[in-house]
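Since the structure comes first, as structure tokens, the remarks are kept for the end.
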Amino acid sequence: MMLSFPSQQQYIIKYMKMAFGLCAIVLVSSWASMAYASDPGQLQDFCVAAPDSSSAVFVNGKFCKNPNMVVADDFLRQGLNKAGNTSNQAGSAVTAVNVNQLPGLNTLGVSLARLDFAPYGINPPHTHPRATEAFLLMEGTLYVGFVTSNPADPAQKNKLFTKYLYPGDVFVFPQGLIHFQLNVGKTNAVAFVGFGSQNPGTITIANAVFGSDPKINPDVLAKAFRVEKNIIDYIQAQFN
């Protein structure tokens, strides 16, 4: 009995199918990553957040209020016409309007804030792990900037992008990158920002590194910052 072997053409067709399948998996994975790169999409007109006190468990987001109990006030937040209190060490104030202040934002994937700066006030280096920030300056003059993530080439350094902003200017801070704003004028400054998340989160770098509870071991920070331990002890004491 003669044995039959696949022809060269059949091998080519077989491997082309395998290659096509792998490409399809890669594409689907890429699309899935993009689909989940921001807040989950809506499955209904709205999902007004129920008060946390009525939630028996913690979830990624908030439970929906009964649609029959939703009222117009669930979509309203007043007071952004009023300046925040800048009488603090930073000389700045952030008035947030996210899902915790405005329940109607739940599942909508957006939030906003008002920022007030005293003369020479600063919004210190920080990140928003869950959102890109669009920053609109209304009054004053600010020096703003952000730093890129670690480059693939260890020989390169993180790149700093900075700009002086004037009333009417818009600047974008990409999601997750360390950024800051400094009032370089002699008058107050006011800005409004929009976020691509109902709850963008904020990590203030100095507070997180030097003011965590419990403290990060000073030996770790001394080695990381390449300074003597007594310097770290001093800085940590400022955040107690």
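Glycine too: its Cβ is placed from the backbone N, Cα and C atoms.
Note that TrEMBL annotation is computational and uncurated.
Keep in mind the model is a prediction, meaning the values are calculated, not measured.
TrEMBL lists Asn123, His128, Glu133 with the feature oxalate binding site. Summarising the annotation, TrEMBL assigns Mn(2+) binding site to His126, His128, Glu133, His179. As annotated by TrEMBL, disulfide bond applies to Cys47-Cys64. Annotation comment: TrEMBL describes 78-233 as domain 'Cupin type-1'.
Close to the recorded Mn(2+) site, the chain also has Thr127, Phe146, Phe173, Leu177, Ile178, Pro200, Thr202: residues not among His126, His128, Glu133, His179 whose Cβ is within 8 Å of the site's Cβ mean position.
Checked against His179 (Mn(2+) binding site) by C-alpha proximity, the recorded positions Cys47, Cys64, Glu133 yield Glu133 as the nearest. It is 26 Å from the Cα atom of Glu133 (oxalate binding site) to that of Cys64 (disulfide bond). A gap of 30 Å separates the Cα atoms of His126 (Mn(2+) binding site) and Cys47 (disulfide bond).
Neighbours of Glu133 (oxalate binding site), defined as other CB atoms within 10 A of its CB across all chains, total 22. Between the binding-site residues His126, His128, His179, the minimum number of other C-beta atoms within 10 Å of a residue's C-beta occurs at His126. Model confidence over the domain 'Cupin type-1' (78-233) is summarised by a mean pLDDT of 97. Just so you know, the Cβ of Asn123 (oxalate binding site) picks up 25 other Cβ atoms within 10 Å once every protein chain is counted. Taking only the Cα positions, the spacing between Asn123 (oxalate binding site) and Cys47 (disulfide bond) is 32 angstrom.
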